[in-house]
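The following features are taken from TrEMBL:
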type	residues	note
ACT_SITE	ASP270	active site
BINDING	GLN67, LYS83, GLU104, ALA201, ALA202, PHE203, LEU204, GLU275, ASP290	ATP binding site
BINDING	GLU104, ASP290	Mn(2+) binding site
DOMAIN	165-381	domain 'FAM20 C-terminal'
Amino acid sequence: GRQNEDNEDFLPTGETSIDSYPNWLKFHIGINRYELYSRHNPAIEALLQDLVSQKITSVAMKSGGTQLKLIMTFQNYGQALFKPMKQTREQETPPDFFYFSDYERHNAEIAAFHLDRQVKWVCIKRKVKILILDFRRVPPVAGRLVNMTREIRDVTRDKKLWRTFFISPANNICFYGECSYYCSTEHALCGKPDQIEGSLAAFLPDLSLAKRKTWRNPWRRSYHKRKKAEWEVDPDYCEEVKQTPPYDSGTRILDIMDMTVFDFLMGNMDRHHYETFEKFGNETFIIHLDNGRGFGKYSHDELSILVPLNQCCRIRKSTYLRLQLLAKEEYKLSLLMKESLLKDKIAPILYQPHLEAMDRRLRIVLKAISDCIEKDGYINVVENDFNTDVNTVTTER
């Protein structure tokens, strides 16, 4: 047994031990058809540590997108996407803002990663791991305090970025970069005097190595101040979707339902497209990328996010059981999230009312599922993705 395990540390050439690879590469190698990383992959914790401690060797602006994002390269050649802090933890999205002009929040990116994964060991008869959603479809994200002078201005070769640095009247270092929203002197990001907080999301493998396919979300919003999308006016819209590839077979519609629950718990209305790895075809998971518009409002639950679930009335059994567990007092979603988020360097990540809003939204999701079961019957709503012989989730998850 042990000898075989040792052999697995070597490539077929017998030259390089995987142990010597940087953590970002171990993360990339571990990606498979069903998840971005396995439940017990030690490289993920190590990678989170790298994101906050590795020396930043170069910085560039990410092109495209509406708001400023920076690509940071580390000493070990890993890369991450930096989203700077724009709002304090307590600030809510202003009520007159449209979802498409909302700020992207660095803490929402961090919280989304924790919500999507696992949290801790507890004892129930035997030692078992209590997970949060256990999807493992969000690339690792960690919060970091960055020195704007030493770690951005002095290491960037991006002249357009460099030119936007200035010293404010309060003697703080500021910059604003180039983008289509909120990149101006009035919306500058200022340090105190030169520290800035942000989220760092580990890059996925380069597109030249692992091509990704971009899919239009069938429940995409209109992104228009007056127009409504088709799903908002047609209550039978899901029937139409279920007859269209890739939703007419396989697990894709169940993946959309998982993503719907994930987004509703966070209050994220901005899921216009989603991506999958091309190599795995249609039988693969949805990557939960770009979650910065979650956690904008704790005083409002955006019920329209749940429309796909209400219309399709389908859910994986593994997801349903986990949601039921997280509604129990002893595994309360808000408490597990709070505990998980404490591990981040820039904790606290979420303002307490956001945590409480998640418990409230979870009850709404469970009510929606029970209404579906009442209407269509358990067997037609809850998809058994468990292997009947052993109590494990099959690879069809």
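Glycine is treated like the rest: Cβ placed from N, Cα and C.
Feature map: annotations from TrEMBL on the structure.
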residue : record           : Cβ contacts under 8 Å, 6 or more apart
GLN67   : ATP binding site : LYS83, LYS86, TYR103, GLU104, CYS179, TYR181, TYR182, CYS183
ALA202  : ATP binding site : TRP24, PHE27, LEU47, LEU51, GLY78, GLN79, ALA80, PRO139, PRO140, VAL141
LEU204  : ATP binding site : HIS28, ILE31, PRO139, ALA210, ARG212, ILE287
ASP270  : active site      : TYR99, PHE100, ASP102, ARG221, ASP290, ARG293
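Counting every protein chain shown, the Cβ of GLU104 (ATP binding site) has 25 other Cβ atoms within 10 Å.
Other Cβ atoms within 10 Å of the Cβ of ASP290 (ATP binding site) number 23 in total over all chains. When the Cα positions of GLN67, LYS83, GLU104, ALA201, ALA202, PHE203, LEU204, GLU275, ASP290 are compared pair by pair, the longest gap among these ATP-binding residues is 20 Å.
Mean pLDDT of the predicted structure over the domain 'FAM20 C-terminal' (165-381): 96.
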